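Colleague: If you scroll down you'll find the structure; I have some questions about it.
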Amino acid sequence: MSAPHPYDFDLFVIGGGSAGVRLARISAGHGAKVGIAEGRFWGGTCVNVGCVPKKIMVQAAEYGAWARDAAAFGWTNLGEPQHDWAALARARDMEVARLSGIYSRMLAGVGVEIFECYAHFTSPHELRVGDRTVTANRIAIAVGGNPDRPDIPGAEHAYISDDLFTLKERPRRILVVGGGYIGLEFASMLNGLGAEVTLAYRQSLPLRGFDHEIREAVCEALTADGITILPGETPAEITRNGETRTTRMASGKVVEADAVFFATGRKPATKGLGVDAAGINCREGGAIAVDDDHATNIPHIFALGDVTDRVNLTPVATAMGHALADTLFGPKPRRASYENVPKAVFTSPPIGSVGLTEEEAALRGPVEVYTTRFTPMRHTITRREGRKTLMKLVVEGGTGCLLGAHMIGEDSPEMMQGIAVAVVNRLTKAQLDATIGIHPTAAEEWVTMRVATRRVGEGAAKAA
Ligand SMILES: Cc1cc2nc3c(=O)[nH]c(=O)nc-3n(C[C@H](O)[C@H](O)[C@H](O)COP(=O)(O)OP(=O)(O)OC[C@H]3O[C@@H](n4cnc5c(N)ncnc54)[C@H](O)[C@@H]3O)c2cc1C
Ligand SMILES: NC(=O)c1ccc[n+]([C@@H]2O[C@H](COP(=O)([O-])OP(=O)(O)OC[C@H]3O[C@@H](n4cnc5c(N)ncnc54)[C@H](O)[C@@H]3O)[C@@H](O)[C@H]2O)c1
């Protein structure tokens, strides 16, 4: 499609991660002339230093536990499993390289012009891309974010999440700081791979925003797995003596470890992007401010994905990229929804969640809560500690509509994808009840929780 304007491209995308690649690929498929710049790695955070290598390492950790469990099922001559970190790193890095290669080839395949360098604005329609200057009718910022490091003395002695994927060997004693997704996933996985792990976070419970009962249950599970949990702790200083890092907390508590990981959040990657040269407004903290169609205050410049700091998950970034491409170049404009985004935390056991928590729902009006807690069949045999599954449904009083579903237990992220369809579409508890279970599974509990565990939110004002 030839461009009816004087610019080099119909669309130029800055950042070849989850959001940018999808936006560029679908836009080109609609016939737009598209360019994309990626300065570090095709596929972005998710493919290279996020979801993918993390999940491979989580799976590696599971095998150790399963090998230990196997004796309970009659397997013999197994011995104590030993983990080879370098072998895992090789397998992981090969898969990451394969996927990253697919991303760049996919773009070239649909005619997107790819630039393997950083880009920055020189004016609202012009970018410096490596040693070239390009112009575009529309520009999309999809530069993602970078790990943040608390500003404390000795912070340089700690690792950030990216560093996990280049470590040559597993440290023996590890302190993980942060009670969010990355803190919990890293603590659980590194413990499963044989490290002695301490997890410290500021609040009394981890995973702010998740259902309270699930937050309590994950602490029980991680503790049962041998992780030392330090709630209410914030690091104040790190000193290094040889390979030992000594972290002094604000409370005065001291933790010694061979490695400290900061998992204290991420910052939008807007530094050096030249947002001022284009006149783009940022929110406090650096995230780019956008409207419901991902337009910035400069109408032909868009931003999407983690750089907007809304729901920082890969499927959200890709959904927004796809919707924006359809809106700008497709036959029918559309928006993807930030409502009821299903979430998973890949701890052992993992967490799956969608919709309102019990606490959020109870603020809006009367709610029925259905819960079940049980030991899954596998662990009635292994007798492994801390393996209890918790499943809960949050149901609107009166209408019976499903408002939320939350679970900690094996396979919960896999199950939650299906349950999310019910919650997103406001199916009712009665419709779940009318669905026949699959036996014997843990998943059948979703359709067999008959009696409400409790009713809450009776006094709350019904939300408009
Ligand atoms: C350890 C970890 C685990 C995660 N696990 C999960 C998970 O299990 N599930 C999930 O849904 N999400 C997970 N996430 C979050 C997920 O990775 C992000 O939400 C997602 O990658 C965001 O996509 P994005 O396109 O906005 O940004 P990114 O994927 O970060 O892509 C941005 C790209 O822009 C490039 N770039 C930056 N500046 C420039 C510039 N000036 N010029 C050119 N290129 C530039 C960067 O190099 C990068 O490749 C995880 C994140 C981390 C850190
Ligand atoms: N399974 C998944 O889908 C998955 C996995 C990893 C990351 N992610 C995404 O990446 C984002 C970033 O992950 P994250 O875990 O870094 O961030 P997060 O926002 O989830 O958690 C950050 C944690 O660090 C704490 N913190 C912040 N500053 C601190 C300080 N100075 N000292 C001590 N603690 C401090 C916060 O209280 C919080 O507990 C997540 O919010 C999520 O959107 C998703």
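Cβ coordinates come from backbone N, Cα and C, glycine included.
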Colleague: Hey, TrEMBL has NAD(+) bound by Gly178, Gly179, Gly180, Tyr181, Ile182, Gly183, Leu184, Glu185. Any idea which of Gly265, Gly272, Gly274, Gly279 it lists too?
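Modeller: Looking at Gly265, Gly272, Gly274, Gly279, the one TrEMBL places in the NAD(+) site next to Gly178, Gly179, Gly180, Tyr181, Ile182, Gly183, Leu184, Glu185 is Gly265.
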Colleague: Disulfide-wise, see what TrEMBL says Cys46 is paired with, picking from Cys51, Cys117.
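Modeller: Going by TrEMBL, Cys46 is disulfide-bonded to Cys51.
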Colleague: Other than Gly178, Gly179, Gly180, Tyr181, Ile182, Gly183, Leu184, Glu185, Gly265, which residues of the chain come within 8 Å of the NAD(+) site, judged by Cβ distance to the Cβ centroid of those residues?
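Modeller: The surrounding set, listed in chain order, is Val176, Phe186, Tyr201, Pro206, Leu207, Ala263.
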Colleague: Whole-number Å only: compute the distance from the Cα of Ile182 (NAD(+) binding site) to the Cα of Cys51 (disulfide bond).
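Modeller: Counting only the Cα atoms, the answer is 10 Å.
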Colleague: For a Cβ distance below 6 Å to any atom of ligand 2, name the binding-site residues from Lys55, Gly180, Ile182 that qualify, or say none.
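Modeller: Near ligand 2, sequence order: Gly180, Ile182.
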Colleague: Cα-Cα separation of Cys46 (disulfide bond) and Lys55 (FAD binding site), in Å?
Modeller: 10
Colleague: With DSSP as the yardstick, break the domain 'Pyridine nucleotide-disulphide oxidoreductase dimerisation' (341-449) down into helix, strand and coil residue counts.
Modeller: 36 helix, 33 strand, 40 coil
Colleague: If you check the recorded positions Cys46, Gly178, Leu184, Gly265 one by one, which have a CB less than 6 Å away from any atom of ligand 1?
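Modeller: Cys46, by Cβ distance under 6 Å.
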Colleague: State the Cα to Cα distance, in Å, between Lys55 (FAD binding site) and Gly180 (NAD(+) binding site), rounded to an integer.
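Modeller: Answer for this pair: 16 Å between alpha carbons.
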Colleague: Quick check: of the recorded positions listed here (Cys51, Asp306, His439), which one has the Cα closest to that of Leu184 (NAD(+) binding site)?
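Modeller: Out of the listed candidates, the nearest Cα belongs to Cys51.
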